[in-house]
């Protein structure tokens, strides 16, 4: 990189409003469909047992594979997002899950059902789910916690609506007709996925002087999110890279291009709102008059030298309030923050000298190579298991594995357990719905509480898991009554909401924002495996004992254990930091 040579940056700054609220509604709907179908699978359980003449624990593998693969496929979907975009991935995922469910209605073997409905359907659902969870953060910074919270509340609402709907459809037409309806719902996500349109970037020119120039977006929606043009091919110094992050931030590149000696925040723009709505004003106020040689041409934007893609931001998986992040609170504007957390991978190079940029075949090969490299960059980052060498993150990963091991047992078996105790079917069907609606309430409250810096998200998570596990242990012990079951469903749904809401916040507390992508990917893999084996494994005890009591006992014990091992997590983290400090001083 030629120091002080200048250049140009085209970086997406979330507008914090406008079309973003339409995107939030679309993400909310996708979560309604995906999580609603996943959490209400227990409504199909009995009818599938009668159809295949297999045990409930074996039939539950179908739903558990659906649960597991929509988590396990998360890192791979994220890699695909880095090469394509939210809209395309959501539409493709909707079509895959629709076809998988449609094929599942014709199967005659349980193993065929496991493959079509569980594995393939789970992969399709993962593409919808990951897109729906991540895209609110693409449109919002200031209101990210609210936007993400609204979107993920679709999970509880979907459980509330689809549990009784699935039960009604099973009663009227059987599980095959129910899955046909689910296929249609999955396909409907493609329609709302069209609303996931890309944002146009705001262009910031870096002239040789230190005076930035902000220009209005002039490039199509499908252009790269961040581009840099310089006079010479860039080769970033190794001092900018760390072994884990492996890429400099846009802020570092900006400082290098403008030959600034300090990386202190400099106010480049008025505000995120101004950047996205008052482009002409910014041009008049910030652009130097009559300096056409410093303007960024449309031709140069269509052939970028370097590009940062969707997943090349440290905060992409962070769904909490950005006010908890020092990277956000220390910046003077949303543009500065975006530049400080967006990275340009080292593999992202400009055209080799001598290449003919007009050659179509060469352009096609270049694009395929670019898509492959961008996908593999994200995948290798997310699945870097060396992060497990951190004792604090290893404890968190074990806790997450145990949590998902016992998490789905109540969703899968509570209705059938209540019916076996004597509850009317029409009453028992609303137990899962009750869990869903209190889960929604819990997400809202937990998200609000965790926005305060004085609140310890790890402690809130631990206490919630502890109570959720204790409720599950006590359910088989207490005398049977409709009230006790509905009370349990309410309390369990509320408690488990905190675990789902605080996952990314806890990771940042332990690993820092820079390693969030890596940590989140590894955690997803472990949780996906646990979700795939948890309900069938604990369901075996129903086959052995003839009732569900032992399954609930073990589920509760596992949940409590997942909380207990995290109580000393702060001490483990402090010990880890002290150890690194001693090694550094030696």
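A Cβ is built for glycine as well, from the same backbone N, Cα and C atoms used for every other residue.
Annotated features in TrEMBL:
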- 20-574: domain 'Major facilitator superfamily (MFS) profile' (DOMAIN)
- 21-41: transmembrane segment (TRANSMEM)
- 61-81: transmembrane segment (TRANSMEM)
- 88-107: transmembrane segment (TRANSMEM)
- 119-139: transmembrane segment (TRANSMEM)
- 146-169: transmembrane segment (TRANSMEM)
- 175-196: transmembrane segment (TRANSMEM)
- 393-415: transmembrane segment (TRANSMEM)
- 427-446: transmembrane segment (TRANSMEM)
- 458-479: transmembrane segment (TRANSMEM)
- 485-503: transmembrane segment (TRANSMEM)
- 515-538: transmembrane segment (TRANSMEM)
- 550-569: transmembrane segment (TRANSMEM)
- Return the stretch with the most CB pairs under 8 A relative to the transmembrane segment (427-446), choosing among 21-41, 61-81, 393-415, 458-479, 515-538. 393-415
- Note on the structure: Mean per-residue pLDDT in the domain 'Major facilitator superfamily (MFS) profile' (20-574) works out to 79
- Message: Please report, as numbers and ranges, the same-chain residues at least 6 past the borders of the transmembrane segment (146-169) whose CB is under 8 Å from any CB of it.
- Response: 20-21, 24, 27-37, 39-40, 43-44, 132-133, 136-137, 139-140, 177-178, 181-182, 319-320, 411, 415, 425, 429-430, 432-441, 443-444, 447, 493, 497, 500-501
- Would the transmembrane segment (119-139) count as touching the transmembrane segment (21-41), i.e. at least 3 C-beta pairs under 8 angstroms with sequence separation of 6+? yes
- Query: Is it the case that the transmembrane segment (119-139) and the transmembrane segment (61-81) have 3 or more CB pairs under 8 Å, with pairs at least 6 apart in sequence?
  - Reply: yes
- For the transmembrane segment (485-503): best-contacting stretch of 61-81, 88-107, 175-196, 458-479, by Cβ pairs under 8 Å: 458-479
- Okay, the transmembrane segment (393-415) and the transmembrane segment (61-81): do they have at least three CB pairs under 8 Å, pairs separated by 6 or more? yes
- Note on the structure: Residues outside the transmembrane segment (550-569) whose C-beta sits under 8 Å from one of its C-beta atoms, at least 6 past its ends, are 392, 395-396, 398-403, 405-407, 409-410, 413, 417, 458, 461-466, 468-476, 510, 538-539, 541-542, 544
